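Single-structure report; data block below.
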Ligand code: SF4
């Protein structure tokens, strides 16, 4: 029988990763841990990364806001972003002197793809003087023509920080509609959707409540407003994770990406996590194998046109001061 090389690490994930699967992951995990030391590299992993990445090799984990905040303090020479492309761009914006790698440059996002700088120019022309708040799930080029960025964790505070009556809040229509219910500021939305969260329906929630009596339902604000209305609580992935840690519900359903439930479940073995969930095909393009390859070869480096970077950084940094 093969001996386990990383038993202490496995202990943390033994509830969610079957032993045979872990044995397949160990070689890559051990190599990545060694490469990180050799190259003075850190791995930033989004909450939607699979447990072997999230718990096995990541140094910093969190939602988009946490990753953006923590990226500012990174002291390593190399940052590997285990997440999608706009997150790697944000890490690069905040660390222009460092090498930022994304293991698969094709890891995109339906929200980021839904809007261009030209769209924003047209919106500004149609709504003169109205400030533009863009979700961090956008390209650096879109951030560069925005006034300020936001995440699902700070959207309401960002909108209200501007001290105006109307705001263009782009590109997530559902996030804008969900935030609009919590603020007096009028929000003009765009038609972008997250292809993962838009799949949840109010009927999903009702069916799960019938099948799992007493289940507490938490919905991500990228879900349609009618789904959020059926939930017990709505918040960003960081807020959902805190909710589970503090409230310790006996049974919980997280209406978000599948790996999020897995990663939170690893930390709370006493809580029953009810599925369903939906997979993000973009997040799932990142694997142990391509993280290892990125560290071994230095591929794929994220670069941003300096003129775009300067303006995009301003929008992200303005958000971080809110
Ligand atoms: S889960 Fe949705 S918002 Fe997040 S990266 Fe995937 S498509 Fe984009």
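In case you wondered, yes, glycine gets a Cβ from its N, Cα and C as well.
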Which of these, 114, 152, 259, does TrEMBL list as part of the iminosuccinate site with 46, 64, 135, 136, 137, 220, 221, 222, 237?
152
Give me the sequence-ordered set of same-chain residues, not including 109, 194, 280, with a C-beta within 8 angstroms of the centroid of the [4Fe-4S] cluster site's C-beta atoms.
84, 110, 111, 137, 195, 196, 197, 222, 257, 282, 283
Can you tell me which of 135, 220, 280, our binding-site residues, come within under 6 Å of ligand 1 at the Cβ?
280
Packing count at residue 220 (iminosuccinate binding site) (other Cβ atoms within 10 Å of its Cβ):
28
Quick check for you: of the binding-site residues 109, 194, 280, which have their Cα within 10 Å of the Cα of residue 222 (iminosuccinate binding site)?
194
Select one residue from 46, 135, 137, 194, 280: among these binding-site residues, choose the one with the most other Cβ atoms within 10 Å of its Cβ.
135
